[in-house]
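Student: Feature list, courtesy of TrEMBL:
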type     : residues                       : note
BINDING  : ASP81, ASP114, TYR117, HIS298  : Fe cation 1 binding site
BINDING  : ASP114, ASN152, HIS261, HIS296 : Fe cation 2 binding site
DOMAIN   : 76-299                         : domain 'Calcineurin-like phosphoesterase'
TRANSMEM : 24-49                          : transmembrane segment
Amino acid sequence: MDRDEEVALLGRTASSKLKSRVKLAATGCALGIFAVLATVWFLALGGFFQFDAARWVEITEDPIVSPVDRRAPVNFLALGDWGRHGLYNQSLVASQMGKIGDALEINFVVSVGDNFYKNGLTGVDDIAFDESFSRIYTAPALQKPWHAVLGNHDYHGDVFSQLDPRLGLRDWRWHCVRDAQLIFDMSPSLFRGDVDSRVSTVELFFIDTVPFIDQYWAPNQKHDFDWRDILPRHRHLQQKLENLTSALNASTASWKIVVGHHTIRSYGAHGDSVELVRQLLPILEGNNVDVYVNGHDHCLEHVKRDDSPIHFITSGGGSKAWKGISPPQNSNGLQFYYDGQGFVSFSVAKSWLQIVYYNIYGEAVHKVRLTK
C-alpha cells in the first residue's frame with residue numbers, strides 16, 4: 001500500500017486532542033459501470049454454496065475523491081445494530097441510506113449484525129422482520145441484496161429463522177448465513193471476453209463472531225443463546241478458523257474485506273474483543289486483509305494502529321446509539337469516533353478503496369482513502 005489518506009469532513013472526535021485534518025478534493029464527471037457476470041460463494045463448515053449475483057466491470061481507474069463516487073465498479077453500504085421497529089432514528093438512518101445509495105448506485109448492503117432487537121426473531125413468521133426491515137428500508141436504491149451476519153442479540157431468539165431461506169420468500173433481499181464469501185470481479189479483461197480472468201477482484205469474507213465470545217458461555221449468563229449447530233464449541237471454532245484461513249490464503253483479490261459483528265479494535269463501550277484479538281486477528285494480518293468491518297459498539301469509528309496493517313471500521317449506528325467512548329489516553333490508533341447514528345459506504349476500484357461515514361443528516365463526517 002503506497003499511501004492512506006484519511007479525511008475528517010465534520011463530526012465529533014474522541015477528545016479535544018483528536019482534531020481531524022480536512023482535505024477536500026474532487027475530480028471529473030462520473031462514468032457508469034457495466035454489469036457482466038458474477039459468482040457468490042457461501043462458505044459453510046463443509047464447503048461452499050454458489051448462486052448468481054452481479055459481477056461488475058471497471059470502465060476507468062481514474063479515481064474520484066468526492067464522497068459520492070459513481071466511478072467505482074463496486075459500491076455498497078454497511079450498517080449494524082439497527083432492528084428496532086423504526087425507533088431510535090432507525091427510520092432516519094434508512095432514509096439517508098436511500099439517498100446515498102441512489103447517488104452511489106450501490107450493488108448491495110452489508111449488515112454487520114444485531115439485526116433484530118432485543119431478542120432476534122421468534123421464527124420465520126415473526127412480524128418483526130417486516131416492522132424492522134421490509135417496511136423500513138423501502139427506498140428504491142435499497143432494493144438490492146442484503147448480506148447479513150449474526151450478532152449476539154440475534155442469538156437470543158430463534159437463530160435458525162434468520163438463516164432460513166424462507167425469509168427470502170418474504171423479502172427477496174435477505175441473505176444470511178453463518179459464514180460466507182462474496183466475490184466481485186472488476187477486471188477490465190472481461191471486455192475482451194475473458195470471463196474467467198480475475199485480474200482484479202474485491203472479496204468480502206463474512207464470519208459469525210458470536211460463538212467466540214467467552215462471556216456468552218458463562219454459567220451465570222443472564223441471556224439465553226441459541227447454540228444449536230454450534231456444539232461442541234471448540235470444534236466449531238476450529239473448523240470456522242480453518243475455513244476462513246483457507247479461503248483467505250487462496251484469495252488473490254486486490255482487496256480483502258472481512259465482516260463480523262464484534263469489534264477487534266474499538267474505543268467504544270464494548271472495547272476490544274480479546275477473543276478475536278487472540279484468535280482471529282493473527283489470521284487476518286497473516287493473509288493481507290485490508291479492512292475489518294464490524295458493529296457491536298453503537299457508533300461510527302475508524303481505528304488504524306501502527307502495529308497492524310488493518311483498518312478497523314465500526315458501523316454500529318443503525319439505531320440506538322450515544323454509548324460513550326473510552327478515556328482518550330487509551331486511544332491508540334483512533335482516527336475517528338462519532339458517538340451517534342449513521343452508516344458507512346464503500347467504493348472499490350482496482351487501485352483504490354474509499355470509505356465514507358455518514359450521520360443521520362446524510363452529511364459525510366469522515367473519509368478514508370486507501371491506495372495500492
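Numbers run from 1 along the shown chain.
The backbone N, Cα and C atoms fix where each Cβ goes, glycine too.
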Student: Within the same chain, and leaving aside ASP114, ASN152, HIS261, HIS296, name every residue whose CB is within 8 angstroms of the centroid of the CB atoms belonging to the recorded Fe cation 2 site, in sequence order.
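Tutor: For the Fe cation 2 site the neighbour list reads GLY80, ASP81, VAL112, GLY113, LEU150, GLY151, HIS153, ASP154, THR209, VAL210, HIS262, GLY295, GLY316.
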Student: On average, what pLDDT score does this prediction assign to the domain 'Calcineurin-like phosphoesterase' (76-299)?
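Tutor: Averaging the confidence scores along the domain 'Calcineurin-like phosphoesterase' (76-299) gives 93.
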Student: ASP81 (Fe cation 1 binding site): which of the binding-site residues ASN152, HIS261, HIS296 is the nearest Cα neighbour?
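Tutor: Nearest by Cα distance to ASP81 (Fe cation 1 binding site): HIS296.
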Student: Roughly how many angstrom lie between the C-alpha atoms of HIS298 (Fe cation 1 binding site) and HIS261 (Fe cation 2 binding site)?
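Tutor: Answer for this pair: 11 Å between alpha carbons.
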Student: C-alpha of ASN152 (Fe cation 2 binding site) to C-alpha of ASP114 (Fe cation 1 binding site): distance in Å?
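Tutor: One finds 6 Å between the Cα atoms of these residues.
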Student: Around the Cβ of ASP114 (Fe cation 1 binding site), how many other Cβ atoms lie within 10 Å? Please give the count over every shown protein chain.
Tutor: 30
Student: Beyond the listed site residues ASP81, ASP114, TYR117, HIS298, identify every same-chain residue whose Cβ lies within 8 Å of the center of their Cβ atoms for the Fe cation 1 site.
Tutor: GLY80, TRP82, GLY83, ARG84, GLY151, HIS153, GLY295, HIS296, GLY316, GLY318, SER319, LYS320
Student: Using all protein chains shown, find which of the binding-site residues HIS261, HIS296, HIS298 scores highest when you count other CB atoms within 10 A of its CB.
Tutor: HIS261
Student: I need the most crowded of these binding-site residues: ASP81, TYR117, ASN152. Count other C-beta atoms within 10 angstroms of each C-beta and give me the top one.
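Tutor: Comparing the binding-site residues ASP81, TYR117, ASN152, the most crowded Cβ belongs to ASP81.
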Student: If one measures from the C-alpha of TYR117 (Fe cation 1 binding site) to the C-alpha of HIS261 (Fe cation 2 binding site), what distance in angstrom results, rounded to a whole number?
Tutor: 14
